[in-house]
Every structure is written in structure tokens, then in C-alpha cells.
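Asker: Structure in C-alpha cells, see below.
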Amino acid sequence: RANDRDYNERFIKKIFFLICVFFFQDNHIKTAKYNVFTFLPINLFEQFQRFANAYFLVLLILQLIPEISSLSWFTTIVPLVLVLAITAVKDATDDYVRIYSNGTNTICFRLQNEKWMNVRVGDIIKLENNQFVAADLLLLSSSEPYGLCYIETAELDGETNLKVRQALTVTSDLGDDVAKLADFNGEVICEPPNNKLDKFTGTLFWKDNKYPLDNEKMLLRGCVLRNTEWCFGLVIFAGTAVHFVIVKGFACFKKMKYDAIFLVFFQIFGFLICMGIILAIGNTIWEQKVGSNFWEYLQWKELTISAVFSGFLTFWSYVIILNTVVPISLYVSVEVLRLGHSYFINWDRRMYYSRKDTPAEARTTTLNEELGQVEFIFSDKTGTLTQNIMVFNKCSINGKTYGTLKTPCVDFSFNPLMDRKFRFHDSSLVEAIKLEEPLVQEFFRLLALCHTIMPEERNEGELVYQAQSPDEGALVTAARNFGFVFRSRTPETITLYEMGQAVTYQLLAILDFNNVRKRMSVIVRNPKGQLKLYSKGADTILFDRLDPSNEELMFTTSEHLNEFAGEGLRTLALAYKDLDEDVFDEWMKKLLFASTALENREEKLGALYEEIEQGMMLLGATAIEDKLQEGVPETIACLTLANIKIWVLTGDKLETAMNIGYSCNMLRDDMNEVFIISGHTMVEVRQELRVRFNHQRTQFVCCYLKAHALEADLEQILVDVACLCKTVICCRVTPLQKALVVELIKRHKRAVTLAIGDGANDVSMIKTAHIGVGISGQEGMQAVLASDYSFAQFRYLQRLLLVHGRWSYHRMCNFLCYFFYKNFAFTLVHFWYGFLCGFSAQTVYDQWFITLFNIVYTSLPVLAMGLFDQVSLYSLRYPNLYRPGQLNQLFNKRKFFTCTLQGVCTSFILFFIPYGAFMSAVRDDGAHISDQQAFAVTIATSLVIVVSAQIGLDTNYWTAVNHFFIWGSLAVYFAILFAMHSDGIFTIFPNQFPFIGTARNSLNQKIVWLVILLTTVVCIMPMVAVRFIKASRKQGPQEQNFRRVRRTSSRRSAYAFAHQQGYGELITSGKNMKVPTASTSTYPLSSPARGNSVVKNSVVSGTTDAAETNSTGFRRESDQNQEVTVEDLEAR
């Protein structure tokens, strides 16, 4: 109830109790994860859900137990805290951005200044121009006449075009009268909160009347008020119950199809446990056989603990010592690399489209490596492969084709309102127009009347058509140039200029398009008083509704359609019907009743549309060219050479999709065997698939998908047959079927999939695939908003995959291999040392070296390699270089075993060469050199030099950054080494830095440097030899090209009608009408006989006798300014 918080609160408590608390709450929405008090506990809880972080936390706890720890606690806590801190800073930054975005919501007004977060359901609030709508509102009144207001819904659906909303007449009379608004006590009963942005059902009860509510009267949170000075609205939903939040809650987060790092962690952890068990068993045996010899030295009468218990403690001690084999810093390093790879995509100038100032954008950082492993691409056709810019190319009128004879460009100078950009190359059609052939004129009259376009005339004769789809724009522009100019419209009339003469038609009804009807119709009354129905739509739909006398013409027109299909043109069939006045009046009464039905309204309306559209007369057909985007054939050929299978999923008909396939190099003439799945039952489809699977020589399959083809029982054989084919085209698929096809391949082939599209009908496919790519094209931004990567042209896809994807995959794999290699080489020295120290869990290195090795000494070189390495500068010239990523050859179990084995061997050499050399080595002055501290410094220095040399070998592309990080890391190592072994730091921290003077006393000996050199050579030379042998046997890639094939075929084309339901209502309501100025035309404008236009900001807000419009899009005259109630409608 409006203006009654107490009533609404009682309503919650007494009737719905806790259930409706979700519906009727305050308007506070919390999208941030944290606040000042909860950040630390919640963030730490989230971070310790990661296996590696939890593992190191357990190790830290174990290190606090003196009986089992031989390492200081800081060796674990320093890297752990560093990793946690970096991750926490990243999470806090992301959360701050969310909080900041919340703060951008403007303040609304409840007749007094109030923050929007304090608004409650039932409150009436005031919005001003350019403010965000802060809750789901029922529009009550506005500054525009008749309660109109304009909103931008880009935050909801990505569309930037303005949409119109209109208040009920009874509430629009409230205006901005604060007293009337405060006294408003209407009650609203409506559907519960849901995720449907385009539908709303409710009823307003006020003053003993009830009024139907729909989506056209709602302002949803997230919209922006535009071109409207102010409006008032009643809060229907608030807080987390608003549509915007519910829809946003369904957003999915994509990650890698398998987290290789996570699986490797478990393998490493298992290896660590095995090493701990081996050393624990060794300790137990040593205590029993050797340890007793030290009792007297230790003045023990007997063992204080048993040998078995000693082995148990030793196990945990070695788990602590060998913990660095599990790299704690790997998570952070991987995130840094992924972020860097994403920025490289954003910064790529070769993927920048200057015409629209649109750069490529990586909208996620978790999928870059998978760009280098894609095996299947699922692509939309219209707007993705094609430009979605339509050109009127040919037509068939009364059995005669026009546009097939290529003559010089037609001169349209006889028409002062022509579009100077329009081109047509058949002058015979102009001659037919000038000769006033009736059917030719009726053909273009239909094109000029049957549409939902809005005209705008900024200067004299400069018409601009605001078309919902490019198909309609092309057709109306063609009619304009051939002398039937659509000049203006009101909710009740359409004004044409037919060969220079102004003719006004009364618009009686719009039978709107939907995906089931696949056609749209208008009913008009011409100046002679004749009733006409004009219809356009898919030929297969209209041909079934023609009068039987059209059979011969229908056959001829079908042949013409087949000819148009050879060029991949999009077609529409056109038909008309003369209506009897009495029949039409009776039909309108039925339509009025059906439009107010509470149940099955859509079905009843559809049946009435079907009734009046029977027995039409065929006029002809149009053929529109949808041109390919630049570089599409070359891109598809290149991706095909990379062994990527491209499937086209389109709503077009079979023939058009096939012709587009030939024109863009997906199909070639050497593919001489075509298989079409066309069964109408599951049994027929199964039989077709089995026959084809047994044949197994298909080079091309075009899937004319029926619902049965995606049945669960047929999934496996469908996938098997499709994967035997070179190319797959799925025709007449719905958005849901697109997603099902993608899910089918994901589930059965376990391959990386990529979906690319540009429209709202591609969103489900984009979200289902592992990787979604959106093209910012002619159909809005819905696909871009749902995607993981976006750019402006299809041709950029080859660079995204073959360059960025391949490089990201190679960089990440090389990074992982090197990371595990260096950690095994670093850690397993302790394992070998255990056999020589009585398995006493003593460390070889200085504790500070253990702490700093991964986070200081070796972190930056490996990051530089992971960010800047390039494996080949000719990825586009040799697409078959992409193949290793698809086969996952660069990081798999075998590769992991190889790099870990190399690390084990390196650790063995690092330990035993210095150990053997120091057995009998002496200093320059004859003193013995083999003390433990000198031994540790020698191994540590050898290790840092060896891993630096190894990363030099692993780097394929050297930059100044690589040089700086590698040489700089070595310099930092020696600087820290001498600093920590200096006298000064020992004086300050004697317990923490016991290696006083070791570095300068060891590294000034020639034998130590000889040992370091020998160790480095022995570690590195085998890898150099192996790589030399592989390089000498490896053959270079072969450059391949596809021969471009053009094809002409006599196959039927798809209909051209990229339309959206609901625009019929918008037209007849007059909500989007703009009034031309008096100087826009030299011809007198015909106007409706009744009503006066109210002009504000060049917008027609309606007539004084405004005719109410219902959801069917037909016109009905109402009483003067009297709102129609449900009771009135039911009575009528």
C-alpha cells in the first residue's frame, strides 16, 4: 500500500511472516564482501580454503613444536604472510571498487531529502533527469504529458537506445502535486520478484477500481532517467528483491576446465609424504643400529624415547624441512601472469577497431591459457560472420525478377527524397514504377507500410530511419528510393509520399512479429476507405496461408527464391489481403475480448491473428544481401589449418547457412558429400545417424536440427558423426539449442570450446562454452556483457587464439615446468643430506636462504619469462604450431615427471659434487675447508647460479627485462649473502644470523669457485645436449594455404527478418513519436482528424483523445481521458 509503512510491516509480520521479508525490505543492497570489521576473518577464511595455504598453516603449527622442528618458524611464516598479504590487497581493491560503485547511486527524494538506502516498499519517491532508478518503481506521473518518461537500460541489457515508459492515466493526473501524491493510497498486488526483465504482471487497486499493470509501467533499478525533468514512482520491490540484483546473482564464474596446478599439488604432496616415510624409516633403523653407540657420549643410560617414536617425530620434522617442494608462492605468481596476459590483449593495437574506437578487452583473467587449447569454435552467423548491414539486392514481383540484369546504377534523381547511398542496378524496375504497374506499386507500398520504423527528419528532405533491425531498414529504404517514401507516422496514421503525392493511411492494427509466427502484418485503411492487410515473413509460413489461386505464382516465386539462395541472400515473402468491413469489425471485437483474457492470452491472440491472415494474395519476394565481415574467409581458413573445428549455429534456414559457408571458406567444392539430419522423429534421426556413422567418409555435415536430434539417447552418436565431419552447420536453432549443442561437446569430447556471437540470442551459448567471445556489433552489447573476451571484428579471433592464446599457454607451461624444477632442485638437497646426518632432520642451507629463495632470489626471472617470452613470431603464418596446445603436450603428467626428474638429478649433483670435493679439499693456507657452513654456502651459490642458467636456456625471447631480472637476482643474492654473514648484523642479532664471516671466508677460495663451476657445468650440459639433439631432428613447420572457392548453388535462402516482439504496441501507443518541425517538408502533412499534438522537446506525447493501447498493438478509441478498468474490458 502506498504511503503506509505501518500497513506494509504488519502485512509482513501477520500474513507472510518470514517468507515475504525477502519481498518487502528496505532498499539497502550490499554487494561488497567485507567491511572494516569482517575483512580480516572472512578474507583469511577464504584464503585458507586453498589447499596450499591450509597446508602451510599446518606446517607453521608444526614448526612451533620444538620436538619436531629444526627450522625456525619465520622460514614458513614470512612467505605465507607475504602471499596472504598480496592476495588480501587484491581482494580489498576489488571490494573497494564494488563499494565505490555502490556509492555512485544517486539520492532519491521521498518529498524530503533522503538516501535511497532508506527507501521502503510503498514509499513514493521522486527522480530527476539523469538519475539512476534506485528501486523497482511503478511509474505514477512525470513531467512529460500523459505520464511518459524515457529511460536508458544499458546497465540491465546493454542496450543504449532509449525506451519509453508510460504511467496509467489515473495516476498521471497526480502530476507533481505533493498533496495528491501524499494522499495516494493505492494497493498493488503483483507477481513475486523474479529474473524476467521484460515481463511484469500486477494489478493496482484504487478508488474501488482495479487497473492492469505490465512492464511498460515499471522503472527497474539500474535504469537511468533520460530526457525527463522529473517523475514520481511507487516502490514495488527494494533491496535484494529488485530485478537487477536477482539477474546479477545468476552470473556464472568460469575457470579452467581442469586446474592442473591443483592436481599437481596433490601429486607433490604425495611425493613429500613418501620422502618423509623413507627418512623416518631410516631414522628408526639408524637409532636401533647406530644411535646406541652415542649413549655413553651423551651420558644416557638408555634411550629416552623408542626408535619407532623417534622415527615418527622425524617424519614430521622432514615434512617441515621438505615443505618447500610444495610452492606456496605459485598461486600468486600464476595470478600475476594471468593478469599480465590479459593486459597484453587489451593493449594489442592489431585488435583495435578504429572505425568504432573499440579495443579488444579481456573481461576475465582465468582463461588465458585455454585460449591456446581451443578445439571447437561455435559461431553465430548474422552479425558475427556477416556485417549485419543489409542491402536491398533483388526482388521478385508477380513472377518477374528484378536486379538480376546488371545495368548501370539506376538514376533516382526523379525522387527528391531518395537516399543517396542507395544503389540498384536494374532500371527496368524504375520503369515499371513510372508506368504505374499496380502490383509493382502495391509491392513497394507494402514495404513502406508494414514495419515498425520511426522516421526522423532533421533537415529538409534528410530522412533518417530508426530501424529496430537492419532488414527493415533496407526494405523501407528501397521503397523510399523507388518512390514510396515513408515520411511520418502517428499512433493512428502512416503518411507516405507516393511518387511525390502525400497519402495518409489510417493504422488500425499491428499484428506483431514473434518467433513462432515468423511474420508481421498491418491492417490499414487507405484514403479510398478500403481495408487492407499487408504481411511479410518467411516464405514457408506465408505460402501456407495464401489463397489457392496463387499456386502458379507461388511456384514461380519459389524458383526465384532458389536462384537468390545461390548468392546467400536473405529473403522475405510479401502478401496482401482485401478485408471486408463487417468481417473486420467482428474480428476486432474478438481481438478486444482476447486481449483482456486472464488465461492463455497469447494463444488466443495468436489464433485470431491466424484467422485473419488466411487467404492472402502473393505479391512477391525480396532478397537482401548480408555482406561478410572483412577478413572472415581468411580467418576461418587459418583457424581450420590450426586444426580447430568451426561449427556455425544459426537461426537461418539451411540454404542460406550453406551459401554463407561457401563464401567464407568453411565449405569447399572438394567436400562433395553432404549429410543433412532432417528426420522428423527420433527413430528417423537415429537411423540417419547410424547409416552415416557406418559410412565414415563424410567431409561435411549440415545439421538441420530438430528437437529429436538433441535427445539424450542420440547424444553420443550425434557427437560421433559430427566429429567425423570437416564442417558442421546447425540451422534453425534456438538460443537454448545453441547452448545444448555446446554442452554436448563439452560433456562428450572433453575439449576446450569457444563460442562467439554478437546478439542477445547468443548469450546462452557464450555462457555455456568454456570461453565466450562477444562481438560489439549491430545487435547491442548483450553478448559483450556476457562474454569473457570481446572485440569488434570476427577476424581478430585468429590473433586472439593463435598469438595471445598460444603464447599464454606456452608461457604458463614453461613457467610451471621451471617452477617445479627449481623447487625440487632446491628442496631435495635436504633429502640426500639426511642419509649422511643420521636422519636427524638437519638442514643444509642457512634458514634465511630457505626463506628468501622463492620470494626474492628466483621470483622475478621466472615472472619475466612467464610474461614476456615468445615462442614464435610466425604463429599466423604457420597455424599448425597451435596443435601442441590442443594435445596438451607442454604440461601433462609426462612433462611434470620430466621436469621433476630433472630437479631430482640437479639436487643430487648439487649435493654430491661439493660433498666429494670437500672430503679432501684444503684452503689456500692449508686449513681444512669442509665445515658445514662453508658447505652450505657453496651449495646455495651453486643452486642460484644453476637455476639462473637454466632459465636462460628456457627463455626463447630475450628482452631487457629478462636480462635485468636474471642478472639483478644474482647481484641481490650475493649482496644479501654478504650482508647476512657480516660482523655487524651478527652483533645486532647473534641468534638469528649464526653464519658470521662464512661467505667471505669461503668465496675467496679458488677451489670453492672451481666446485661451483663444475657443479654448474654438470647440471646444465646434459640439458644443452638434449635440446641440441632435438633441435637438429626437428623439422620446421610447413606453410599451407586454402584455395579460395566461390560457389553458386540453387538452394533456398533463409528469410530476412531479424525482428523483436513488442514493437507493434510501441508504435500504436505513440510513445516514441517525434513531431517534425513545420519546415521539414514542402508538402502538406496529412494528420488524423481527431486530436491535437502536445509538443515538448520535439516529442509527441499523444493526443487529447488519447487512444489506449493494449498488448496486442491494435487501436481502440476510448472515452476522453478516461482510464479503462478491468471491469470495463470484461463488460465489453
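Placed from the backbone N, Cα and C atoms, the Cβ positions cover glycine too.
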Asker: TrEMBL tags one of 63-84, 503-524, 855-876 as transmembrane segment - which one?
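Answerer: Per TrEMBL, the stretch marked transmembrane segment is 855-876.
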Asker: Out of 714-733, 934-953, let me know the one TrEMBL marks transmembrane segment.
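Answerer: It is 934-953 that TrEMBL describes as transmembrane segment.
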Asker: Can you give me the average pLDDT across the domain 'P-type ATPase C-terminal' (784-1031), rounded to a whole number?
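Answerer: Residues in the domain 'P-type ATPase C-terminal' (784-1031) carry a mean pLDDT of 89 in this prediction.
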Asker: Name the residue among the binding-site residues D380, T382, F513 whose Cβ has the smallest number of other Cβ atoms within 10 Å.
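Answerer: Counting other Cβ atoms within 10 Å of each of the binding-site residues D380, T382, F513 gives the minimum at F513.
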Asker: Apart from its near flanks, which chain residues at least 6 from the ends of the transmembrane segment (815-835) lie with a Cβ under 8 angstroms of it?
Answerer: 260-261, 264, 268, 275, 279, 282, 318, 321-322, 324-325, 327, 330, 333-334, 337, 841-845, 853-854, 858, 862, 865-866, 890-891, 895-896, 898-900, 902-904, 906-908, 910-912, 939, 943, 946-947, 950-951, 954
Asker: Using a 10 Å cut-off, grab the number of neighbouring Cβ atoms around the Cβ of R570 (ATP binding site), all chains included.
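Answerer: Its Cβ shell of radius 10 Å holds 27 other Cβ atoms.
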Asker: Do you know which of the binding-site residues G651, R732 has the most other C-beta atoms within 10 angstroms of its C-beta?
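Answerer: It comes out as G651.
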